[in-house]
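Here the structure is laid out as C-alpha cells; the discussion comes afterwards.
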Amino acid sequence: RICYIHKASLPRATKTCVENTCYKMFIRTQREYISERGCGCPTAMWPYQTECCKGDRCNK
C-alpha cells in the first residue's frame, strides 16, 4: 500500500507501507484541517478523529 505520510504543514510525501490501510487524522470540529497522514489505522483521542481507507494514496 502507498500512503501519504506528511504532517499538515509539510510538503506531500508518500511511503510504501506494509500495513493494508492508510489514515488521515483531523480535528472533529474542523474536518478540513487534517493534522497528519500515515500508514495503518491508529486510534485517535479527542478532539481528533481518524479516517482509514484501503487504497493507494487514498488518504489524500
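Cβ coordinates come from backbone N, Cα and C, glycine included.
These figures come from a predicted structure and were not determined experimentally.
Per Swiss-Prot, disulfide bond is recorded for C3-C22 (among others). In the three-state DSSP scheme, C22 (disulfide bond) is classed as strand. Cβ contacts within 10 Å of C22 (disulfide bond), excluding its own Cβ and spanning all protein chains shown: 28.
Within the same chain, residues at least 6 positions away in sequence whose Cβ sits under 8 Å from that of C39 (disulfide bond) are R1, C3, I5, K15, C17, V18, E19, T21, C22, Y23. Per Swiss-Prot, disulfide bond is recorded for C17-C39 (among others).
Sequence annotations record features per position, and here Swiss-Prot assigns disulfide bond to C41-C52 (among others). For the recorded site, C41 (disulfide bond), the DSSP three-state label reads coil. C41 (disulfide bond): 16 other CB atoms within 10 A of its CB, across all protein chains.
Within 10 Å of the Cβ of C58 (disulfide bond) there are 17 other Cβ atoms, across all protein chains. The disulfide bond feature in Swiss-Prot is assigned to C53-C58 (among others).
What Swiss-Prot records for 41-48 is region 'Important for binding to L-type calcium channels'. Counting residues 6+ beyond its ends, the region 'Important for binding to L-type calcium channels' (41-48) has Cβ neighbours under 8 Å at 19, 21, 23, 25-29, 35 in the same chain.
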Predicted model, mean pLDDT over the region 'Important for binding to L-type calcium channels' (41-48): 92
Rounded Cα separation (Å) that holds between C58 (disulfide bond) and C52 (disulfide bond): 9
Structural state of C17 (disulfide bond), classified by DSSP into three states: coil
Disulfide-bonded residues compared (C3, C53) - highest count of Cβ atoms within 10 Å: C3
